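Engineer: I am attaching a structure below and will ask some questions about it afterwards.
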Amino acid sequence: MQTHLTIASLRAALDAERDAGKRIAFVPTMGNLHEGHITLMHRAINHGASIVSSIFVNRLQFGPTDDFERYPRTFEADCAKLVEAGVHHLFAPDEQQLYPSPQKFVVEPDPFLQTTLEGEFRPGHFHGVATVVLKLFNIVQPHAALFGKKDYQQFLVLSAMVRELNLRIEVLPGDTVRDPDGLALSSRNGYLSDSERAEAPRLYRLLSALREQILAGNRDFDALQAEAMAELASHGWAPQYVAVRRRSDLQSPSAQEGGLVILAAAFLGKTRLIDNLEV
Ligand code: PAF
């Protein structure tokens, strides 16, 4: 694996790959890699391309009360995992490379998509995500880019960006990878204490139970959401939302609609966990 710290070095290497007729598949990350990321790398490799990954903890997508400083930085271990996964190029810029001066041109995602659910509780988050991903896309110029569905709303925001800005990039989803007890893998799981880690799979169990109820014909989404929030709260969580939405655009569905996804975010102690399940 070649590691590139500068835009110039990465561009020169990828120009050579393209000249050799290779397709480029790109997996952007903020590091602290786990099986969820590695599954995306494998999916990219199956795509038959030269694989580029990036590690950059993007300050622009963290709010003032978010955990930017605390975000785990595990560069050496991440590099070892990327080498093992068969990644060809790693782009690991510092802030000076990506933001040499304050970013004034920014991407404003769809007003609804960037303010609902995650957007309500993390104002400005998707504007930061979309801005850095568009910059990375312009630097890497991939044929395909892969994003995990664990961050469902992020996947929709970035798919909409690619579609509406006519980028010639195929956006591919990766399924959420879970521990055997159902907890979705996340860089933030490392913040959980032992007792919180034991409690954490409740979120997935709750989403699974909700899905069963919907499949069994219970379409009173408001009541289902309220019950699920109460259930989490009664076990010491501070839920922010449990929401049944349309998969395509995250709007609230009518009682008859199919193609649904249940999304949830809740604090367990100081750690904010999110998860989702398609119905
Ligand atoms: O999902 C992430 O890790 C980040 O939001 C991303 C897409 C790498 C942008 O910083």
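Cβ atoms here come from the backbone N, Cα and C positions, even for glycine.
TrEMBL labels come from automatic prediction, so no person has curated them.
According to TrEMBL:
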ACT_SITE  His37  active site, proton donor
BINDING   30-37, 148-151, Val177, 185-188  ATP binding site
BINDING   Gln61  beta-alanine binding site
BINDING   Gln61, Gln154  (R)-pantoate binding site
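Could you place the listed features in the three-dimensional structure?
Structural biologist: Around the Cβ of His37 (active site, proton donor), 26 further Cβ atoms fall within 10 Å across all displayed protein chains. Under DSSP, His37 (active site, proton donor) is assigned to a helix (H, G or I) in the three-state scheme.
Counting every protein chain shown, the Cβ of Gln61 (beta-alanine binding site) has 21 other Cβ atoms within 10 Å. Annotation note: Gln61 (beta-alanine binding site) sits in a helical segment as assigned by DSSP.
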Engineer: Roughly how many angstrom lie between the C-alpha atoms of Ser187 (ATP binding site) and Gln154 ((R)-pantoate binding site)?
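Structural biologist: So the alpha carbons of Ser187 (ATP binding site) and Gln154 ((R)-pantoate binding site) sit roughly 16 Å from each other.
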Engineer: List every residue in the same chain as Val177 (ATP binding site), at least 6 positions away in sequence, whose Cβ is under 8 Å from its Cβ.
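Structural biologist: Spatial neighbours, sequence-distant, of Val177 (ATP binding site): His34, Glu35, Gly36, Thr39, Gly148, Lys150, Ala184, Leu185.
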Engineer: For Lys149 (ATP binding site), list the number of other Cβ atoms lying within 10 Å of its Cβ atom.
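Structural biologist: Around Lys149 (ATP binding site), other Cβ atoms within 10 Å: 17.
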